[in-house]
Amino acid sequence: MKVLVLFCLVSLAAAGPLKDALNKAQVDAFYAEGYIVDGSNAADGDAPYQVSLQRTSHFCGGSIIADNYILTAAHCIQGLSASSLTIRYNTLRHNSGGLTVKASRIIGHEKYDSNTIDNDIALIQTASKMSTGTTNAQAIKLPEQGSDPKASSEVLITGWGTLSSGASSLPTKLQKVTVPIVDRKTCNANYGAVGADITDNMFCAGILNVGGKDACQGDSGGPVAANGVLVGAVSWGYGCAQAKYPGVYTRVGNYISWIKGKGVPV
């Protein structure tokens, strides 16, 4: 049986449409751990914008977009208070090294829909400025408003998410994988078979009809980059690394005006 998952969650048994599965997802939220599926260890400087969102331990990823702002997925922070969050950065390890900073404010998208996972984007303001400008701590550039990753172009996904859907152990080091963008129309047709919709605020990436490479639980909110630009945030999928169901990502290019409107200095 395949499973529908938000990539910060424990696996979800799902024989029905996305909406039904996500009702359970909301109960299980924030208890997943994770690795990139079929990735490799990231090296210093590969993803200096990557951060780990933590309460008592890692539960989601995020991206540094300014020295006091993190971009992540709305489903990662739903129901959480800023005071409960710590951000670890400037390290390839989610559980040691680098630096930590507390969150002071959480800004979830006002139109985030937990049934369809549309508008799955959020910002976290840090209580103090992060020390950036080092090999493993740099803000990533944002795309132009309205930009959309081109089909067949490649993106770099990084995170500490699970090796396979439902797995529980975390990798020691940050993982990375490169996958191609899948045409939205094709992806939408495939996901239609399981009652899910790929909106204009999402895009898909993976090796269609082959699978094997993907983000998975624990990677949610983390960066999807193309040529040093943050084009996406890890969002959800039907299982992990399935041949017909590539990973689904928040299309950051549709939210630049929203980000600037929240006072982010980009």
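Positions of Cβ are set from backbone N, Cα and C atoms, glycine also.
Note that the structure is a prediction, hence the values are computed from the model and not measured.
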Item checked: Candidate cysteine (C187, C240) that Swiss-Prot pairs with C204 in a disulfide -> C187
Next item on the list: Could you pull the disulfide partner of C76 out of C60, C216, going by Swiss-Prot?
Entry: C60
Check: Can you tell me the three-state DSSP label for C60 (disulfide bond)?
Finding: strand
Next item on the list: Go through the disulfide-bonded residues C187, C204, C240 and tell me which ones have a CA within 10 A of the CA of C76 (disulfide bond).
Entry: none
Notebook entry, point to check: Want to know which recorded positions, from C60, H75, C187, C204, C240, are within 10 Å of D120 (active site, charge relay system) at Cα; which are they?
Noted result: H75
Margin query: In whole Å, how far does the CA atom of C204 (disulfide bond) lie from that of S220 (active site, charge relay system)?
Written below: 14
